[in-house]
Amino acid sequence: MSTLRLLISDSYDPWFNLAVEECIFRQMPATQRVLFLWRNADTVVIGRAQNPWKECNTRRMEEDNVRLARRSSGGGAVFHDLGNTCFTFMAGKPEYDKTISTSIVLNALNALGVSAEASGRNDLVVKTAEGDRKVSGSAYRETKDRGFHHGTLLLNSDLSRLANYLNPDKKKLAAKGITSVRSRVTNLTELLPGITHEQVCEAITEAFFAHYGERVEAEIISPNKTPDLPNFAETFARQSSWEWNFGQAPAFSHLLDERFTWGGVELHFDVEKGHITRAQVFTDSLNPAPLEALAGRLQGCLYRADMLQQECEALLVDFPEQEKELRELSAWMAGAVR
């Protein structure tokens, strides 16, 4: 029986693909070598220990229907679209070795006519007239008896959109998370005009088979045709949840301030695991009572725009004569934390 397994996802859903990756990684026999090929529609993927409010322009993502997905490996934030090919190599220990998977990807690129080389710990670069340009970034995860190496190859990604989502708003955040380094990147289509996801997948597959000296049939998976993966529904539910994607952010503080016609407002939030642990409100408003009441209501609240709005608008019952001010405050606050 072959020790290789090849899976190709037909889904562009990042939460589905990361849930498949997680399930296979947890359940594969330690003797198996797995290659999983996939791609995501418009998504910002962040590292396991990152703060989405610090790394991403979450408001712009929401406006443009770009998803957020937290992966289980470390490293920085990346933007995925259908111009990216994603790969995951998995193996049991002691055989797991990221230099093997890196060489498989380099061999695949070489077979396609691209000479690339490893750079630093995580990147593959090509030489251009403007200097070295990154075409691939990777991240890794290891447990006691197994490991995986996953990464992306830039084929024809809309690089102009990176700055839209990976540069956060000028929010006054003092965060304990990890800040991503923005690398200089290029697409493989600059070197291989017309290169497709299917061609790249085939090249990686052939290099994978060549390295191990055996072949297997590909398993095509999609939300309508999932492999037999115990606990997949629970893993997908977690992967797609707000609690995992946002709530796992490291503790951070957020300062918001705005001047309205009726006075200036400064809000200080301390946030842990996606919940406000401390809220302070400062104002020169002639009627500070609603804002003082708001500070109390926000303690323990989920740090989510709709929840903040809900708590603010709940004060209309107690302060009906401040309706205009509270509605202005509610709309501003929701926009500021998106």
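Glycine residues also receive a Cβ, built from the backbone N, Cα and C atoms like all the rest.
The domain 'BPL/LPL catalytic' annotation in Swiss-Prot covers 29-216, and the record cites sequence analysis as its basis.
Taken from Swiss-Prot, the feature ATP binding site covers Arg71, Gly76, Ala77, Val78, Phe79, Lys134. Look at Gly76 (ATP binding site): DSSP puts it in coil.
What Swiss-Prot records for Lys134 is (R)-lipoate binding site, and it gives sequence analysis as the kind of evidence. The local packing around Lys134 (ATP binding site), expressed as other Cβ atoms within 10 Å of its Cβ over all shown chains, amounts to 18. Annotation note: Lys134 (ATP binding site) sits in a strand segment as assigned by DSSP.
Arg71 (ATP binding site) carries neither a helix nor a strand DSSP state and counts as coil. Mean pLDDT across the domain 'BPL/LPL catalytic' (29-216) comes to 88 in this model.
For the ATP site listed in the record, the two most distant Cα atoms among Arg71, Gly76, Ala77, Val78, Phe79, Lys134 lie 21 Å apart. Of all the binding-site residues listed here (Gly76, Ala77), it is Gly76 whose C-beta has the fewest other C-beta atoms within 10 angstroms.
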